[in-house]
Structures are given as C-alpha cells and as structure tokens.
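For 1-14, 73-82, 131-144, 188-226, 277-287, 336-346, 400-410, the entry in Swiss-Prot reads topological domain 'Cytoplasmic'. Taken from Swiss-Prot, the feature topological domain 'Periplasmic' applies to 33-53, 104-109, 248-255, 309-314, 368-378. The feature transmembrane segment is assigned by Swiss-Prot to 15-32, 54-72, 83-103, 110-130, 145-165, 167-187, 227-247, 256-276, 288-308, 315-335, 347-367, 379-399.
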Amino acid sequence: MQNKLASGARLGRQALLFPLCLVLYEFSTYIGNDMIQPGMLAVVEQYQAGIDWVPTSMTAYLAGGMFLQWLLGPLSDRIGRRPVMLAGVVWFIVTCLAILLAQNIEQFTLLRFLQGISLCFIGAVGYAAIQESFEEAVCIKITALMANVALIAPLLGPLVGAAWIHVLPWEGMFVLFAALAAISFFGLQRAMPETATRIGEKLSLKELGRDYKLVLKNGRFVAGALALGFVSLPLLAWIAQSPIIIITGEQLSSYEYGLLQVPIFGALIAGNLLLARLTSRRTVRSLIIMGGWPIMIGLLVAAAATVISSHAYLWMTAGLSIYAFGIGLANAGLVRLTLFASDMSKGTVSAAMGMLQMLIFTVGIEISKHAWLNGGNGLFNLFNLVNGILWLSLMVIFLKDKQMGNSHEG
C-alpha cells in the first residue's frame, strides 16, 4: 500500500503524532457529548424545557454522526483523507462556537445535530486512515490504546461536567471543546499521512450507490456492523439516560452521579489494556469470544437485579461494569474483522459500518428513553439485555467460518 507506515518497532514520532492528534479530536467530540450530559439538566432549565430533552440532545448528536457518513468515506477515497479530515475538525470548531447563540431548546438541539456531523469524520475518514497505515497486530494495539485515551471522555466527562455546572456556565464547555479540536487540527495538518488509493477518480451517485450495494450484499460485513451497534448500544444508552436515572430517578447528587460512571468506564479501559497485552499472543477470534462472556453476564446481572428491585442501581452499575470490560476486550478486534470482511475501499466500508451503527444508536437511545419512562430501571436493562442477545446471535453468523480471525496475521 502507498504511504504505508513502518511497523510497530520502527514507528517514529511523526508516525505516532497522527494517531495521537486523531484521538485528541476524537476526545474533543466525545467529551462534547459526555461532559454536557450532566449539564443538560441546567440547559433544559434555562430554556424552560422538559427533562425528556436530556437524552434527545444525545440522540440529535448521534443522528448528526450518521448524516454524512455515506458521502465522506467515498469522498475521502477520491480527493484524499487529509483534506476531508481537516475540514471536519474545522466544522466541529465552528459549530461548537455557534451553539453559544442558541435562543431556545430547539435551536440548541439543531446545533447539537450539526455538531454531531463531526463524528462522521472519525470513522469514515480518520480510522480508515489508521487501518490503512498500520499492520494488523500493530493496528489493533494502537486502536485499543487510542480507545483508552478516548474513553477518558466518558470517565472524566460526567465528573468534570457535574463540577463545572456548579461554578461555570454550561456555554463555557463548548469553548473548551473548540479549543481542544483546534489543537488537534494543527497536529493533523502536520502529521496525517495520505492513504487514499482512488484519488482522482470521479465521484458519481450511481457509482456510489453501486459501491454501497456491493458492501451491503456482504452478509458477513452486515452481521459484524450490526453486532458492533447492538453491543455498544447499552453503553450509549447509559450515557444518555444516566443523568435522569441517577439524579432524577434515584435522587442522588450530581457528584454521586459522576462517581457511578467511574467503575463502568474504568472497566472499559481495563478491557482495552488487557486486549493490548493479549493481541500478540491470541487470535482476534479468541479475543472476541473471550470478551463475549463478561458482555452477556454483565447485562444479565443488571437486568435481573433491576427487575427484582427497580432501585438496585448499585447492582445495575456492577453489571454494566462487567459488560463494559467485555466490550473493551472484544470490540477493537471485531471492528478490524468487520472492516476487512469486504474488499471494497476502506472509506466506503468504514462509512457503511458507521451508518449502520449510528442508525442503531439513534433509534436505540430513543427506545431506551421510553423504556425507562414507562418501565423504570427494570425495562431499561431488559432492553439492554435484548441488545446483548442480538449481538450474540450475530456473532454466531459472523464467526461461522472457523478461519475468520483465526490467525495472528489476519
């Protein structure tokens, strides 16, 4: 492949600066969601809106993340990953500052949607470039370690957001997000390699439709992409719904709400760290299967505990922590195998994968909101368990071929 970066033993500072700056941008977009969620109670109060707008803010953000994925991946294949990625960072900076002008909750939510478009660039462009730039074992290790940095957002976001809202206006958060993205822009401008292989080809809607049709006809790819969406949805639903579950439902303080995020996202990071240690010694297939056990056990514990006692929020936290550890162990390898399940250019494949996931997240978070409003913690966690069962069923299809992910080279 052109512009292939050196393997792990020979990675220099310039090569490492690219993933580091990409993850800083990813961090800024993630904390743009996780830090504002505890502040959403203050936002809806300022705009005199109902608490049902709290998770809707995240729904709008993720809907934006689905909006342009279909175009950005193929576009970056043809005009280059670098210019598209850099444009995405600038877009995020501008929309973060524009939200300071919102006059009501509807305008705020619209701007959250526009901010969410920035998520499209991470998967469809940035991570496609990462996958194209590094060999498989190195790539999985880098992806897992990058995920740890990105996961500081949901770990620190609720704590910092809850503390911030007591001393500073919520608007200041968006200035912080824009500043972090600006730093990543200068790093990416300096260090991001150009890995696109179809530069100069004409982009037509007919060809685009043909490419996506070929990708979506690949049953193994679709199974993997849907599985990634379903297995991650309980975590996203928790991020969206937990301010209401913990602060409104359980009558705990915003500080206690922040503390309850620590075991869940700490377990997620622990799973990623274990993955990084095991990658060179175990096959991707075995790591996915290994992660499946805590995923299913954790979701079952959370569902059983809250069905028996709706206010068993500590058991729910424990179950979701076990589940999160499994995700940390399994997801990076599943992303890799899904992306390479299709021979189509990785910009298109990554975009298709991202769209399927964002569709599941956008619809799923709204369903989880209504599940909690109508059935409390029990129905919320039963919905999460259903997603785990769907993931398990899709994994049976995805890993049906015994050779899938069964070698260290891929």
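Glycine residues also receive a Cβ, built from the backbone N, Cα and C atoms like all the rest.
Note that the structure is predicted; figures quoted are calculated from it, not measured.
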Can at least 3 Cβ pairs under 8 A be found between the transmembrane segment (83-103) and the transmembrane segment (256-276), with each pair 6 or more apart in sequence?
no
So, taking each listed stretch (227-247, 288-308, 347-367) in turn and counting its Cβ pairs to the transmembrane segment (256-276) that are under 8 angstroms, which one gives the highest count?
227-247
Find the member of 15-32, 110-130, 315-335, 379-399 that has more C-beta pairs under 8 Å to the transmembrane segment (227-247) than any other listed stretch.
379-399
If you average pLDDT over the topological domain 'Periplasmic' (309-314), what do you get?
96
Compare 15-32, 110-130, 288-308, 315-335, 379-399 by their Cβ pairs under 8 Å to the transmembrane segment (167-187) and return the stretch that comes out on top.
15-32
By Cβ distance under 8 Å, which residues at least 6 away from the ends of the transmembrane segment (288-308) in the same chain are close to it?
231, 234, 271, 282, 315-316, 318-331, 333-334, 337, 376-378, 380-382, 384-385, 387-388, 391-392, 395, 399, 405
Between the transmembrane segment (54-72) and the stretches 15-32, 110-130, 379-399, work out which stretch tops the count of Cβ pairs under 8 Å.
110-130
Secondary structure tally of the topological domain 'Cytoplasmic' (73-82) (DSSP, helix then strand then coil):
9 helix, 0 strand, 1 coil
When counting Cβ pairs under 8 Å to the transmembrane segment (315-335), the leader among 15-32, 347-367, 379-399:
379-399
Kindly report the helix/strand/coil residue split of the topological domain 'Cytoplasmic' (277-287) according to DSSP, in that order.
6 helix, 0 strand, 5 coil
Hey, which bits of the same chain come close to the topological domain 'Periplasmic' (104-109), Cβ under 8 Å, at least six residues off its ends?
43-44, 47, 49, 53, 56-57, 60
Determine which recorded stretch among 15-32, 110-130, 379-399 has the most C-beta pairs below 8 angstroms with the transmembrane segment (347-367).
110-130
Secondary structure tally of the topological domain 'Periplasmic' (368-378) (DSSP, helix then strand then coil):
11 helix, 0 strand, 0 coil
